[in-house]
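Written out below as C-alpha cells is the structure these notes cover.
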Amino acid sequence: SIPCTNLNQNELSLDLLHTFTIERILICRDSRSHAKAKMGESLEGRTKLTSDEKFKALNKALRVDKKKPPASQLKPEEVDFHIKDNRLAHKTDDYEAEQLIIRRGQIFDVTVTFNREYIPDTDIVVLQFVIGSRPQESKGSIVRVAIHEILNPVTWGMKIKQISGKTLHLTVMPSAKALIGQYEVFVETKMADDKKSVFRYKDDDKVCVLFNAWCKEDSVYMESEADRVEYVLNDFGYIWVGSAKWNEGLPWTFGQVKTIQFTSVLFFLSLFFYFLFFPSFPKRSANYNDSDGGILFGRWTETYPKNCTPPTAWTGSTAILEKFMKKKFYVRYGQCWVFSGLVTTLLRALGLPTRSVTNFESAHDTDSSMTIDFHYDEEGNPLDELNDSIWNFHVWNESWFKRTDLPDGHDGWQAHDATPQETSEGVFRCGPASVNAVKNGEVYLPYDTGFVFAEVNGDRVYWDVDDDDGSMKASYVDTHSIGKFISTKEPGEGRHRLDVTSGYKHAEGSQQERKAVEFAYKFSTRREYEIYNADKEDVEFSLEVLDNIAIGDSFDVKVVALNKSYEQRNVKVNITSVMAFYTGIPAKPLKRKMEAIEIGPNKEKVVILKIASGDYMGKIAADGNVKLYIKGKVQETGQSFGKQDVVELRKPKLTVTASPKSVKRWDKVEVTASFKNLLPVTLKNGHFQLEGAGLSPRSSVINIDSVAPKMEAKASATFTVTRSRKRTVVVSFQSDQLAGVRGECVINVT
C-alpha cells in the first residue's frame, strides 16, 4: 500500500461517502477520533471528553437487568422477528444477510414470549430501538415505542395483534422519518401500579431500517413501480461510456443485496456517521479523508502498477468492497464510472433510489466562469496548459428525494458526484444539486449547482493569445457542443438507454435554454467580459471524420471550408491530433498539419490529415482516444473558427457463453470468454475478470499468457448459482496493450 501523502498528481483520494448526503438522513462527519485530532492537542475546556463506552455505561436507558425480577413482574424470554415473512413483505428477501431488514414507514410483526401471560390492565410493555455509538432519546437515536390503538407512518408506534397465552403478537410501525441503519432492540416491562418496577431485556438480534420508496410519507417516495424496482431493487445494470458519436452501455454488477455490500454499508455507517438528525435540513458529509484511508483512489495515467487493478478491469462493486473490507484500506484504482457504480451499490443497499448518469461532452469549469475556455497561439496551436477540459464522458449519480431546504419545485432527482474533480468547501465532492435547478440556471442554489450547470450547458469559448504580450481575445463561441446525450439505463430488462438530457437543459438553442445560460452567466466570475460579440462570418467550416473506427484502422480527418461570400478568402487551417484520456487531457502528440488555402467566391476547399495505424499504435493508452483540435482563421475578416472532436477507437468485443444456459438454483455453470486479437501487436500480461450477482464465488480472475496477433484469448470459470431468476455474468479483459474489452452473458435460473 502507498501512503496518501506520497501520491502523485494523478492520484486523488475519493470522498465517496459524501454522497450519503440527503434530506432526512443522518449527518455525515469524520470518525470521532479523527475529528478530535483536527482540533489540536488540548481539548480540555472545548469539548466533552467522555468516551463512547463510558457514555453508554452512564445511560440508564441502556441498562439491562440481569437479576431475577419479582415473581409478579412480566419478564421477556424470547423475541421472534419473523424474519422471513417480514422481509418478504418489505421487499428485502433478496438480501443475503440473515438479520431482519425492513423499510421505514411500513409495519412489521414481532412476537414476544414472556414468563407468564400478558395482562393488559396490569402490564406495560415498551419496545426500545437504539442506534448509534452515543444514543440518546433527545437526539432521536433512542426510540421508545408504547402500545397504541392506531398506527401512523409519520411516527413510531405499535399495537397488539393477538394475545396467545404467554405470547404477545405485536405490529410495529417504524417512522417514515426514522434514522437509517442498524438498531439494537430492548423489551421493557413495568407494572401499571408500580412504574418504577422496570425490567429491561436486550435481544441478541438487530433490526436494520432502510429508506422506503414505497411509502408516501418517506422523503424518497417514488410513484412509479417500474422506477422503484429499477433504482432500488435491481442489482445489475449498465453505465454508458464512450463518446457523443459512439457510446454503449457498460455492464455493471451492483450487487447491493450481497452480504459484502450490506456489511460494507453498515460498516461505513457505524464508523463515519454520528446518528444526529435534523429532519428538515440537509447536511453534507465531511471528507472521508486521506488519513482515514479512503475506499478508492482515482488514477488517470497511461500505465498502472502491477499490484493493482486498473479502472477498466472492474466489472462490478463486489470485488472492490471485498478488497476494502478485507484490509480496511483503500483500493486502487477507480475512474468516474467505477466511483459511480460503487455509489449506486451502496445507496441502493440503503434503499435510496439511485442511478448512474452519463454526460457526454462533459465540461470541467475550473474557475466558476460558466464558460469552458480553450486557448491558441497565433499559429493556431493549442495551449494545453491554459485550457479547461471537456471529458468525452463523465459519470455521476442521481438520487431521488425531497429538498425542503430549497424553494418549491426542486424535489426529485438530485445530482451528486463522487469523482474528485474540484473541491467544494475545501474537500473533493460535488452536490447534491437539484436537477431542476441546473436546468433553469439557478446556480446560486446549494450544492455546487454552478459546477454541474457548466458540465452540461456551458459555452465553449476559444481565445486567441498574442505571442508577444500574452493578451487574449475571445474569437469564437460554440454554444451547442457541451452536454450531449445525458444517459442512464431505462427501467426494465435489457440494455436500453434512457435519455435524460431534457431534465438538465432546455432544448439546445431554444429561447428557454439561452435564457437559462444568460441567467447563470450573471453569477459567473467573468460576467463583466464581453465574449458574445461575434465578428462577421462568411466562411463556413465543418469537420468530417468517421464515427466507427476500430483499433488498428487508419483514418482521415477532413476540414471543409466553404466561402459563402462573393470575394476570395485566404484561410489558415491548423489540425492537431493527440492521444488523450477520456477526460480530455492530452497524453501523447500524434500528427499536426497546418495549411494556408485560397478559396474563391462560393467555393470550398478541403484540408486532410491522414492518420495511419502506425501513427498511434505505439502510443495508445487504455482509453484509446484520439483527440482533434481544429483552428481556422480568415485573413480578410479576422473570422475565427474552433472545433474539438474525439475519435473513439472501437475495441473488440468478448464472446461470453454459459454452459448450460439454463440451470436450477445451486447448480454449477461454466462461463467461457474469448476474443480474437486483431491488433498487429502481441498482448502481454493479460487477465480476464468475471463477476456476477447471485453466484459463488462472487468474482474470479484468470491470468493468461501472451496473445499473438490473429490468435484467440480464452478463459473459463465455474460458478455455483446461489439465487433464482436471471443472473448476468460480466467479463472484462485487461493487458498492457489493450484494456477495457468487455462482454456478458445471461444465465436463466429456474
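Cβ coordinates come from backbone N, Cα and C, glycine included.
Copied from TrEMBL, the annotated features are:
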type	residues	note
ACT_SITE	Cys336	active site
ACT_SITE	His394	active site
ACT_SITE	Asp417	active site
BINDING	Asn457, Asp459, Glu508, Glu513	Ca(2+) binding site
DOMAIN	328-420	domain 'Transglutaminase-like'
TRANSMEM	260-278	transmembrane segment
TRANSMEM	330-350	transmembrane segment
Other than Asn457, Asp459, Glu508, Glu513, which residues of the same chain sit close to Ca(2+)? List them in sequence order, counting a residue when its Cβ is within 8 Å of the Cβ centroid of the site.
Gly458, Thr479, His480, Ile482, Gly483, Lys505, His506, Gly509, Arg514, Ala516, Val517
Fill in the CA-CA distance, Asp459 (Ca(2+) binding site) to His394 (active site), as an integer in Å.
17
Which ones are near Cys336 (active site): of the recorded positions His394, Asp417, Asn457, Glu513, which have a Cα within 10 Å?
His394, Asp417
Chain-internal residues near Glu508 (Ca(2+) binding site), provided their CB is under 8 angstroms and they sit 6+ positions away:
His480
Between Asp417 (active site) and Asn457 (Ca(2+) binding site), what C-alpha distance do you get in Å?
17
Nearest-integer angstrom distance between the alpha carbons (Cα) of Asn457 (Ca(2+) binding site) and His394 (active site):
14
If you count other C-beta atoms within 10 angstroms, which of the recorded positions Asp417, Asp459, Glu513 is the most crowded?
Asp417
Taking only the Cα atoms, work out how far Glu513 (Ca(2+) binding site) lies from His394 (active site), in Å, as a whole number.
22
Which whole-number mean pLDDT does the model give the domain 'Transglutaminase-like' (328-420)?
92
So how many of the residues in the domain 'Transglutaminase-like' (328-420) end up helix, strand or coil by DSSP?
17 helix, 41 strand, 35 coil
Chain-internal residues near His394 (active site), provided their CB is under 8 angstroms and they sit 6+ positions away:
Cys336, Thr358, Asn359, Ser362, Thr419, Glu455, Thr583
DSSP three-state assignment (helix, strand or coil) for Glu508 (Ca(2+) binding site):
coil
